[in-house]
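Participant: This is the structure I have questions about; it appears just below.
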Amino acid sequence: MTIGFLRFSSLPTASLLDTRSSPSPESGIVIGTARSSPSPELFTIPEKFKLFVVKFRKSLRATNKHSVAAMDPFSSTNVALKVTGEGVISWENVAVKRIRTEEEQEIANSKPSLIWKKTGGWTAASILLANQCLATLAFFGVGVNLVLFLTRVLGQSNADAANNVSKWTGTVYLCSLIGAFLSDSYWGRYLTCAIFQLIFVSGLGLVSVSSWFFLARPDGCGDGALTCVPATSMGVVIFYLAIYLVAFGYGGYQPSIVTFGADQFDESKPKERNAKAAFFCYFYFALNFGSLFSNTFLVYFEDHGKWTLGFLLSLGSAVMALVSFFFGTPGYTYVKPCGNPLPRVAQVFVAAARKWDVIPVKADELYELEGPESAIKGSRKIFHSDEFEFLDKAATMTEDDLSDQKNPWRLCTITQVEEAKCVLKMLPVWLCTIIYSVVFTQMASLFVEQGDVMHSYIGKFHLPAASMSAFDICSVLICTGIYRQILVPFAGRLSGNPKGLTELQRMGIGLIIGMLAMLAAGATEVERLKNVVDGHKVSSLSIFWQIPQYVLVGASEVFMYVGQLEFFNGQAPDGIKSFGSSLCMASISLGNYVSSMLVNMVMKITAKGDKPGWIPDDLNTGHLDRFYFLIAVLTAFDFLIYLFCAKWYKPINIDDSQNGIEMEKQGDDVLAKV
């Protein structure tokens with residue numbers, strides 16, 4: 001017969017557990033839940049009883065008749081005692097709903113759990129970092145020189161090419177929202193990464209075909225000297241279809257791969273929690289390391305008219321990335337999708353609206369499921385927060401709810417309400433990052449066009465303008481190392497935060513450095529215009545004057561984008577982790593669209609009558625410097641708004657007592673779904 005549960009909070013005292021379920025007649029088990037506050041019914045455990053239990057456990061181990069939990073019954077605060085009719089004593093963690101029998105324990109041990117043993121960790125994460133490096137190399141093999149391909153091969157104007165690149169880049173990262181939705185809701189991280197990488201490879205193959213057979217003709221054209229044959233309509237259509245397939249594949253893959261990499265670390269362990277924070281830094285490091293090859297070797301080939309060769313090398317890198325991803329399948333840790341979050345969030349707003357005249361009750365009276373299980377499949381519970389109090393109405397029980405508790409459109413749990421609140425709280429911070437993305441996107445468009453009309457020869461060697469972004473990449477790589485090895489320990493000693501600086505602090509620093517980058521770009525353009533020689537397209541000012549603006553953008557990325565990845569992934573509830581990661585990519589997307597909108601607005605306002613405007617085809621007759629200074633002013637204004645939003649923000653408070661995420665560790669079964 002079961003005597004009951006005892007929870008040992010500290011020796012020699014213990015508190016009784018509430019028994020709210022009837023005992024099972026077969027196993028003699030009483031289902032109990034621990035009280036949230038210390039029980040007044042405390043008693044002292046006799047020393048003789050402790051000795052009796054220890055001796056009994058030793059005898060059981062010697063006879064090997066029954067399994068006993070491999071934990072010291074007097075060293076844990078979460079211990080439950082069970083005595084059966086046969087006199088068997090076993091110890092179990094009270095976080096489970098009931099004590100398992102020996103057979104049940106064997107079954108449980110054979111199932112996936114949250115304890116990382118043979119899968120996950122740095123081994124699996126390293127494979128994903130290599131995958132990201134190769135995929136980024138492939139992507140930027142197309143993206144970094146796209147603006148020159150459009151002007152030299154397709155014959156577009158500077159403004160049109162810059163706008164088309166901004167729209168394309170915006171689409172890349174806008175597709176991240178699609179990938180995140182499918183990953184969180186239906187496919188899971190692994191399957192989403194696999195499918196979108198296949199689309200990515202298909203797009204790169206089509207880009208290579210369109211360039212080879214339709215566009216880059218004759219061979220070697222588009223090098224700045226040899227003019228290409230005007231493209232056919234079919235060739236242009238195939239090319240645009242191809243690059244948007246690349247955008248769809250790479251964009252949908254990005255938020256899932258970073259979240260999948262973070263899944264390889266167990267947050268319940270401090271050491272792996274720190275490793276997870278380091279992973280985001282190394283992820284951005286791998287991203288930039290991969291683009292370094294694209295911005296040097298591939299750009300050199302493409303700048304000299306070997307466009308098809310550059311695209312084929314990008315295709316080869318993407319294929320290698322896909323193969324490496326599948327190679328690591330047996331060693332990954334998998335998180336099952338948590339279902340479509342859109343109905344869950346909608347239910348909160350509908351339930352709150354239906355109770356618009358109801359006054360929310362106190363936090364401890366709001367509706368929540370009993371026990372450790374969350375109403376959201378695969379998600380941990382979230383504690384109540386005070387922001388957006390009107391949404392608490394959705395979790396306030398009324399008389400009508402008592403008879404219809406299973407209707408989620410009338411009554412939601414605290415966790416469900418907090419998930420909706422988390423989305424609302426992150427949005428102001430996210431909106432403040434869009435202007436920074438306007439700064440970032442200039443590297444792929446106007447920085448390249450600016451460098452293309454500067455003196456770019458070292459002796460007889462011509463340095464492609466797009467390859468100057470290598471200084472941005474090197475800046476990211478160096479600053480990442482400085483940040484991880486020097487700044488984090490130093491700032492940690494000063495602030496007491498093991499991360500050194502909080503994510504919000506780093507993002508604010510990134511905004512300031514981004515503003516300085518625009519000031520440096522504007523100053524470079526002022527000097528370039530002073531050194532323009534009449535009758536010559538190219539200024540006598542060296543292209544190396546662009547180094548400060550590239551280096552500053554790279555330094556700002558380490559603070560802004562790495563901070564964003566950590567912030568949105570860490571603050572997003574378990575059910576929408578990929579969505580949190582996609583917000584960083586979506587910020588870049590909207591930044592590109594805002595940049596395109598700014599270019600159009602500036603040209604409409606400044607190009608009137610005989611005035612060529614700030615960004616004409618011939619930059620020597622324009623004022624690109626004023627456009628850079630305009631972005632710097634907008635960034636400064638954005639920083640002031642960001643300070644207010646960052647001060648207002650309150651972080652998510654997750655119940656870590658029970659990690660409800662269900663892990664799969666059968667890679668072959670997941671791969672079979674592909």
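Cβ coordinates are placed from backbone N, Cα and C, and glycine is handled just like the others.
What TrEMBL records for this protein is below:
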TRANSMEM  127-150  transmembrane segment
TRANSMEM  170-187  transmembrane segment
TRANSMEM  194-214  transmembrane segment
TRANSMEM  234-253  transmembrane segment
TRANSMEM  279-301  transmembrane segment
TRANSMEM  307-327  transmembrane segment
TRANSMEM  427-448  transmembrane segment
TRANSMEM  463-483  transmembrane segment
TRANSMEM  504-523  transmembrane segment
TRANSMEM  543-562  transmembrane segment
TRANSMEM  583-607  transmembrane segment
TRANSMEM  627-645  transmembrane segment
Participant: Counting a contact as 3 or more Cβ pairs under 8 Å, with residues at least 6 apart in sequence, do the transmembrane segment (463-483) and the transmembrane segment (194-214) touch?
Facilitator: no
Participant: With CB pairs under 8 Å as the measure, which of the listed stretches 127-150, 194-214, 427-448, 583-607, 627-645 comes out on top against the transmembrane segment (543-562)?
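Facilitator: Result: 427-448.
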Participant: For the transmembrane segment (234-253), which stretch among 127-150, 279-301, 627-645 has the most Cβ pairs under 8 A?
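Facilitator: The stretch I would name here is 127-150.
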Participant: What stretch, picked from 127-150, 194-214, 583-607, has the most CB pairs under 8 A with the transmembrane segment (279-301)?
Facilitator: 127-150
Participant: Going through 307-327, 504-523, 627-645 one by one, which has the most CB pairs that fall under 8 Å from the transmembrane segment (583-607)?
Facilitator: 627-645
Participant: With Cβ distances under 8 Å as the criterion, find the stretch in 127-150, 307-327, 427-448, 504-523, 627-645 that has the most pairs with the transmembrane segment (194-214).
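Facilitator: So the stretch in question is 307-327.
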Participant: If contact means at least 3 Cβ pairs within less than 8 Å, sequence distance 6 or more, would you call the transmembrane segment (127-150) and the transmembrane segment (627-645) in contact?
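Facilitator: Contact criterion not met.
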Participant: So if I exclude everything within five residues of the ends of the transmembrane segment (427-448), which remaining residues of that chain have a CB under 8 angstroms from its CBs? That is, six or more out.
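Facilitator: For the transmembrane segment (427-448), the list is 143-148, 161-162, 165-166, 169, 465-466, 468-469, 472, 504, 507, 510-511, 514-515, 517-518, 521, 546, 549-550, 553, 556-557, 560, 564, 567-568, 583-584, 586-592, 594-595, 598, 615, 624, 627-628, 631, 634-635, 638, 641-642, 645-646, 648-649.
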Participant: With a Cβ cut-off under 8 Å, give me the same-chain residues at least six positions beyond the ends of the transmembrane segment (504-523) that come close to it.
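Facilitator: Sequence-remote neighbours of the transmembrane segment (504-523) are 429, 432-433, 435-436, 439-440, 442, 447, 450, 546, 548-549, 552-553, 555-564, 567, 625-626, 628-629, 631-632, 635-636, 638-639, 642-643, 646, 649.
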